[in-house]
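Student: What follows is a single structure, and I will ask about it in a moment.
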Amino acid sequence: MWDAEIRGMASAHAIIASSVFMATVMPAVLVEKFSVYGTHLVWLYSVAGSVAVVNIAVYWLLGIGPPTKKNTLSYKVSRLIRSCLYFLFSCLFFHTVVVLYGAPLLESAVETFSLAVLLSTLTTLRCLCILGPNVQAWIRVFSRDGAMSVWDTSLQITTGCSVVGAWLGAFPIPLDWDRPWQVWPISCTLGATIGFLTGLVAAPVWIHWHRKQLTYKIK
């Protein structure tokens, strides 16, 4: 059972990781003079959109997510609306946090909010796919020993890696190296994306390595 769960997770993560690669390659073919640095916002939203679509599709096909007690159309619409609102609140939350950490308040506001959208896509969207719009479940998963499945553990790892990656990406910005990737918020978005990819790889490896110590029940 453990091996099947881990293999399924590794396959899902490989597909999601490939979406980042495709989001970088496809615009290079379709958009004139496309580059990660020169047309950074195009690349950022390409990655965010691709990861969002693939995440939703993969977890829906795998049936990963909280069981629903109601199957009525009104309940599904309400759930969708709440998920969209949670995502919007997450973008505003990350935007506020980034500003509090030193990002310009008014200058480059679009770039700062775009970073918040990317971070929300890499973190909050996965919470919505796996846990649904349930704040109590989110608090449980991110509390100590709160994971109840391998997917909860993978969510902890990928979320942590994405946020830490964005934080580490901010360190080179004030240095006087005069590199194109030091323009706000390129290094942070690259750091978040690299951290996310690292988490996708690390999660199944870590779970497989520590599977004997993990005692939660697999859903």
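Quick reminder: no glycine exception, Cβ is built from N, Cα and C everywhere.
All annotation found in TrEMBL is predicted automatically rather than curated by experts.
Annotation source TrEMBL lists transmembrane segment at 12-30, 42-62, 83-106, 112-132, 153-171, 183-209.
Tell me about the setting of these features in this model.
Tutor: Counting only same-chain residues 6+ beyond the ends of the transmembrane segment (42-62), those with a CB under 8 A from a CB of the stretch are 8, 12, 15-16, 19-20, 22-24, 26-27, 31, 34-36, 114-115, 117-118, 121-122, 125-126, 129-130, 189, 193, 196.
Sequence-remote contacts of a segment are chain residues at least 6 beyond its ends whose Cβ falls under 8 Å from one of its Cβ atoms, and for the transmembrane segment (83-106) they are 112-113, 115-117, 119-120, 123-125, 128, 132-133, 170, 184-185, 188.
Remote same-chain partners of the transmembrane segment (112-132), defined as residues 6 or more beyond its termini with a Cβ less than 8 Å from a stretch Cβ, comprise 41, 44-45, 47-48, 51-52, 55-56, 59-60, 64-66, 79, 83, 86-87, 90-95, 98-99, 103-104, 138, 141, 151-152, 155, 158-159, 162-163, 166, 184-185, 188-189, 192-193, 196.
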